[in-house]
Amino acid sequence: MSRDTIVAQATPIGRGGVGILRVSGPLAQQVAEQVLGKTLTPRMANYLPFKDSDGTVLDQGIALYFKAPNSFTGEDVLELQGHGGQIVMDLLLKRILQIDGIRLARPGEFSEQAFLNDKLDLAQAEAIADLIEASSEQAARSALKSLQGEFSNKINELVDSVIYLRTYVEAAIDFPDEEIDFLADGKIETHLREIIAKLAKVKNEAKQGAILREGMKVVIAGRPNAGKSSLLNTLAGREAAIVTDIAGTTRDVLREHIHIDGMPLHIIDTAGLRDATDEVEKIGIRRAWDEIEQADRILLILDSTENQVELDLVQSEFMAKLPPHIPLTIVRNKADLSGEAEVLDEQNGLAVISLSAKTQKGVDLLRQHLKQSMGYQVCTEGGFLARRRHLEALEQADIHLQAGLIQLTEFYAGELVAEELRIAQHHLSEITGQFTSDDLLGNIFSSFCIGK
């Protein structure tokens with residue numbers, strides 16, 4: 001493990017009331033002696049001048065020193081809390097970097113040090129970035145629960161259960177004359193089914209956490225003048241898009257970030273789909289299809305005042321081009337003009353909603369539908385946040401536990417059961433970082449802020 005001493009600004013770049021520089025590593029006390037002219041007592045606040053190499057005072061503020069291992073990173077840590085002007089922060093940072101053995105921290109390197117020194121596991125370290133980036137109160141509460149170890153504790157309980165079961169199975173393998181009796185006595189199967197049930201519950205909670213963290217990408221598509229931009233404005237609660245009676249008004253992609261009962265949604269309005277001759281409009285339509293192909297759900301907007309035969313043709317042509325794995329919802333807009341009732345129905349396996357973006361009648365049905373389609377459940381207490389890699393690891397663990405159950409109940413193959421349990425344990429342990437590649441660590445921590 002690197003024993004470098006690193007420094008970075010811990011507060012956001014720019015002007016502020018307070019600016020903080022963080023130093024972590026074996027030379028932290030030496031930095032204090034050279035910049036402050038004083039050896040600091042651990043965990044005691046000192047109000048001191050911060051000096052340049054020639055003794056000129058650069059700033060004055062509070063200095064805090066934490067002796068390893070009793071710090072965030074597990075290393076010696078010095079924090080200098082001064083005035084938040086960026087020039088002042090830059091001068092102080094430049095001064096510290098003049099000291100031999102000090103270098104600028106990489107993005108996320110403080111959190112990486114904390115992980116490598118067993119102050120945080122990997123899921124907790126990721127929760128720091130998630131807490132900073134939280135886009136809603138519920139997401140922030142859930143990220144804090146992950147940081148406090150709620151997600152990690154659930155994973156560790158699963159890992160401990162798998163290890164216990166592996167020990168039992170491998171003990172049976174060591175006594176081949178009695179192996180079948182051990183495997184067939186029902187205890188292993190009972191324990192394995194209990195683990196699978198617990199994992200299913202954690203998977204469901206993790207899915208909710210992933211929705212809270214990443215949101216749902218919803219693309220509004222359809223022919224010109226169907227009311228796509230009006231629906232975007234209604235969902236956004238503001239005039240985000242220009243709305244006119246002129247077909248093709250929207251020529252580029254418009255994005256809005258909204259929340260429905262705490263669930264983040266990325267709503268994307270696109271250019272009307274038609275055979276365009278205008279070059280600018282053609283570019284907009286190509287961009288529309290690019291967004292459609294990356295969506296979590298498509299809202300195909302139809303003008304319910306038009307002839308039904310024409311609408312059926314529009315829908316069939318769109319579905320013929322739509323990638324089959326992308327969920328589709330049909331929205332029959334302008335119900336206030338066509339006289340249709342504002343309802344949510346199902347036709348040929350597709351959700352069909354009649355509404356009026358102009359009067360907003362039926363729009364709440366759409367909001368509820370979007371929540372239900374993602375399996376989102378409102379939780380007033382908040383759960384924990386999860387990432388896509390967590391969901392993938394949980395899914396792989398489930399696959400191998402299920403495979404182990406088959407090897408147990410159908411073939412009584414003790415060695416194969418043990419191997420499936422080992423692989424499941426490995427995938428679960430990847431979440432907290434017990435088994436993690438250096439490449440994965442690099443990808444995770446490089447996405448952090450410099451000072452975290």
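Every residue gets a Cβ built from N, Cα and C, even glycine.
Feature list (source: Swiss-Prot):
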BINDING   R22, E79, K119, K452  (6S)-5-formyl-5,6,7,8-tetrahydrofolate binding site
BINDING   N225, T244, I246, T249  K(+) binding site
BINDING   225-230, 244-250, 269-272, 333-336  GTP binding site
BINDING   S229, T250  Mg(2+) binding site
DOMAIN    215-375  domain 'TrmE-type G'
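A map of Swiss-Prot features onto the structure.
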residue: R22; record: (6S)-5-formyl-5,6,7,8-tetrahydrofolate binding site; Cβ contacts under 8 Å, 6 or more apart: V7, A8, Q9, A10, V77, L78, E79, A105, F110, G451
residue: K119; record: (6S)-5-formyl-5,6,7,8-tetrahydrofolate binding site; Cβ contacts under 8 Å, 6 or more apart: P69, F72, T73, G74
residue: K334; record: GTP binding site; Cβ contacts under 8 Å, 6 or more apart: G227, D303, S304, T305, S356, A357, K358
residue: K452; record: (6S)-5-formyl-5,6,7,8-tetrahydrofolate binding site; Cβ contacts under 8 Å, 6 or more apart: A10, P107, G108, F110, S111, I128, A129, I132
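Note on the domain 'TrmE-type G' (215-375): mean pLDDT across this stretch is 92. Per-site Cβ counts within 10 Å over the binding-site residues N225, S229 peak at S229. Note on the binding-site residues E79, K228, A271: the fewest other CB atoms within 10 A surround the CB of E79.
N225 (K(+) binding site) and A271 (GTP binding site) are 10 Å apart (CA-CA, integer value).
In this structure, S229 (Mg(2+) binding site) is part of a helix by DSSP. Taking the mean position of the Cβ atoms of R22, E79, K119, K452 as the (6S)-5-formyl-5,6,7,8-tetrahydrofolate site, the remaining same-chain residues with a Cβ inside 8 Å of that point are A10, S24, S71, F72, T73, V77, F110, S111, A114, G451.
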